[in-house]
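Novice: Below is the structure I would like to discuss, written out as structure tokens.
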Amino acid sequence: MSWILASMLILGAVIVVGFAWYERTHPSTRVIALVATLAAMAALGRVAFTALPNVKPTTDIVLIAGYTLGGAPGFMVGAVAALASNLFFGQGPWTPWQMVAWGGVGVFGAGLARVAGRDLGRIPLAAACGLAGLGFGAVMNLSAWITFDGDHTVGWLVAYSGTSLPFDIAHATGNVVFCLAFGPALVRALRRYRTRFDIIWLPRADESTRAL
């Protein structure tokens, strides 16, 4: 079995599990609408900043979705945003990697809320968004190592990661700037939405672990 085929099978399984996780939580129509809106915002944010390579608000929106709503909706926002935005940028073997990488950012946001609490200040939240940008870049570097022609050696991966480092830093820096600008406001807006419409992602205490 080739490296590409094996990676596609693994990525496909991760995506299916992520979607099943979201479906298993039995989201209400309002939650579905909110997740769809956030995914659309993340996708449009990526398209709107096409002129600035790697500088997009997408990662921030996905992370904040997971931070405020939980892991399952965070994964869904990230995966759908990648799939939808690639209708503009073009679909390819990179799409499943981006879906999993951005979905993982949403899960990371949920984990951050659980570990550090849901009252992070502007600067810690921005730092988390910057870290998520570097993590996303690492996943995409791995995808290039597996997907494209070249020696599948650690040296090749390190060399490729070195050439992509300026772009990864630009992504992380853009994430920090975007989060400093609108991150706390988006967190407050999503919390108000949940409070106003009584959105409790998993109201039963015995299912609380599924939110992550």
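Each residue, glycine too, has its Cβ placed from N, Cα and C.
TrEMBL annotations: computationally assigned, not manually curated.
Straight out of TrEMBL:
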type: TRANSMEM; residues: 30-49; note: transmembrane segment
type: TRANSMEM; residues: 61-84; note: transmembrane segment
type: TRANSMEM; residues: 96-113; note: transmembrane segment
type: TRANSMEM; residues: 125-148; note: transmembrane segment
type: TRANSMEM; residues: 168-187; note: transmembrane segment
Novice: Near the transmembrane segment (168-187), which residues from the same chain, at least 6 beyond its ends, have a CB less than 8 A from one of its CBs?
Specialist: 52-57, 59-61, 64, 67-68, 122-123, 125-127, 129-134, 136-138, 141
Novice: Thinking of Cβ pairs under 8 Å, which stretch from 61-84, 96-113, 125-148 has the most of them with the transmembrane segment (30-49)?
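Specialist: Checked against 61-84, 96-113, 125-148; highest Cβ contact count belongs to 61-84.
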